[in-house]
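Student: The following block contains the structure, expressed as structure tokens.
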């Protein structure tokens, strides 16, 4: 069995009850229990030990205490009983020990100065307060004095003394002028801790007549003012003017004037001093020095370091402040004042003493009769305090004896206590710097067990987590605690449970089967009590679809999912956080049932988003990071270096990549000389590179800009660089894409792509155009042109080859020799038609055509191919003519045959062939006639079935739209269809081609038939058309089935059956109301299967079904 002394602090929902400590009981803070238990007095509130009061207001001396029964109060003043009933100015508050001394109605605060102590007493003991020293505050006036003006030489030091009147408490000192403005202070002029105003050296601007020291007394809210002090500063020049009449020039100027002085301490005086401070107080050490230039103060601790985090410098480092001092802060502190002429120092020996402070304050004891216990009172201080004990406010040496009590220095030992041992003990720890007084009672109680946890308390716990079931209890002697599961279950034992000393039962890993009722039993020798609590185990809350890492472009939209699963009895709440803080108050953030959507995303939305799901029992969370990406910011600070004629180095600083790494930089240039305002691509470099060596062309006024590119897109271009103009040179290249193509049969059109401005390399760009006929021994003909990209040569033979070249030149010379290209003069229409055209019919829809090629000389241009024109003349099955629609097929190159698809069967066609060049088509060959053979026909145009009778149907049809030959016959197939859509035997009939209708006889009545119909030529059958139709029903049988529902006997029978059923229902209702019991047979009938009962009434329907089945299954 596992046991623990206490419940971990991580379980704050438990009430902690320490039920035993050194054989003592601790009374739980249960209000109902406290009302019922007897308890010695405890002081709960009292005035401070040193209590300074405002003499103009009533004096209130606090003393509050609790106890059972409620305590009574009494006071001593200056060690003797203070009878408040004899002083009309003093009253005590009801149900309290607080005194109110009425000063505002004639009383004087000075009359009530003294040391007061309160005693709270009931039948179980007496508690006492601290000694409360009452002193009225004082704010005396300044004594009148005659203040002489201060006349000081410039650069000398000066101290203006304040010397405020002694007040209680001491006043706050500050210096102001007549206009109630604080006098400015600095390293040179500052106020000391004693209130004096120190000048390290005076300056002419210090001259004034209104240096006024003020003393503010906070208790009385009064301010006292000292007489103004006058200060006049004389410079050396003005002093010389004053005494020039009486002193010689040698006296004034012979000696060097004192303009600078090394530091001298104004306070403290001497080289060493001492300081005593109490532990826990603030230590203030001060050094103020005179000197010119103004000295600078520095502090050190000899043999150690100034304490970190507790050391502060004030008043321009003239004051060293150490807060919360301890004995470790004792030592020698040195202040050093230094200027350019030297330094001076002072050592302050600090001793930290200590008023008494607690190590172990005595604690209340609640004991059972016969138990043992101890009161421990341990304190420390410097010097070490002495310990004395009192019992119920009386020194223990003269207090009534108690055989169970033994005093051993700072400890009182109790053995085998009885109820009469109850008392309040006071421990006093004192030294020369103060005292501590603590009350601790010993309360001996005999109480039967009590369970303080509410009955039937419900605990709800998440599965697989600890379950802690309270059994807060009290009793004296301390009760024993046992736990049971269920009302009659066995006592709980084993490693699966932990039993805490405060009565709590812990199930470290609660499972679903832990659900149930648990009983806590508390018993001691005075009685027994039990209490039931209930435990429910809930399913844990889970996030089954967590938010995922997202990357979104700026101004886009993003959504985080948070889909949860939870116990159906718990109501979850979902909270979204951004960077562990609330979502921004922005309408762009849309919180849905199971998602968070951010619209119009900005850079500020970058961060971690957390979905927190809370129930009353558990909390889960999941986080995801949002990265907002965007196109890069443009590069900046472009710089050109290393300028050469044909190259230059460009460098830049990248802009912010906006969470998407820069993949590369694109460098663009502008030619301000030829194309100002137009930017061209120059090159690109990797995103890690910020410099590039650029190749340049002559005669270009360059400006560059850089564009950064990442996965999101391109940045805005950078600001342009400075311009750089390169020198001129002859062209490096010739025009590209030179061509020679005639536009007319007697010309040659020479074209080329003009060089761009930066390709000209210099001013005066022109082109030398040269040509000569190929394979003819001719000289080159040349012409120089400018500002054009075309030249027309006239009077050329038709379609002959020419050699052509175009060379660039400018004012500085020619480009390199250009390469030659072959062109042709203009084309003309072909002269002859293809011959020997032959057609071979492959089938009813496809034919193959052949022809002989024309001689190339007659083409008079580039041979592009042949065109076949063909058209249908007429259908051989129908002699009527129709509009002729010619079709054209083009066969590229020098091909001499081709296929003609998509022909119509049994038709007459014509075709011709023409040769094609770049100019157009040549003459047509003679028309060639060919015919296509018969094919299968299309489906009949329609099939209608009319005039249905009992055993016949009439069929009508239309001939095929495209017979595709001579029709030989029609084929009709049909078969019956029963009610289950099964097909019967198939019947086939051949019908002459000249028929258009047919009557089918000897069919079954009331039967559906499916028909298949198609046409035939000598080639075969065409596609079929289908229809369905039904023969009509036998009229006699139909009349018999209808008449039965209108017969009188049938109507009467139905009414009789309904009346019989109604009578049976009434009889059953009456018998049931009389409490009659049905026999077994009646019960069986009453509970018979409702599916079986309607059989008798269904006889007619069943007969119809059999008849229908018979008719449907009759042979076809």
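For all residues, glycine too, the Cβ spot is worked out from N, Cα and C.
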Student: Which range is it, out of 1027-1048, 1049-1070, 1071-1092, that shows up in TrEMBL as transmembrane segment?
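Tutor: Matching range for transmembrane segment: 1049-1070.
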Student: Labelled region 'Disordered' by TrEMBL, one stretch among 693-714, 715-736, 737-758, 759-780. Can you tell me which?
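Tutor: That would be 715-736, per the region 'Disordered' entry in TrEMBL.
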Student: Apart from its near flanks, which chain residues at least 6 from the ends of the compositional bias 'Polar residues' (715-731) lie with a Cβ under 8 angstroms of it?
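Tutor: Here the qualifying positions are 631-636, 638-640, 643, 645-646, 648, 650, 652, 655, 668, 670, 672-673, 679, 696-709, 755, 759-763, 765, 808-815.
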Student: Helix, strand, coil residue numbers for the region 'Disordered' (715-736) per DSSP?
Tutor: 0 helix, 3 strand, 19 coil
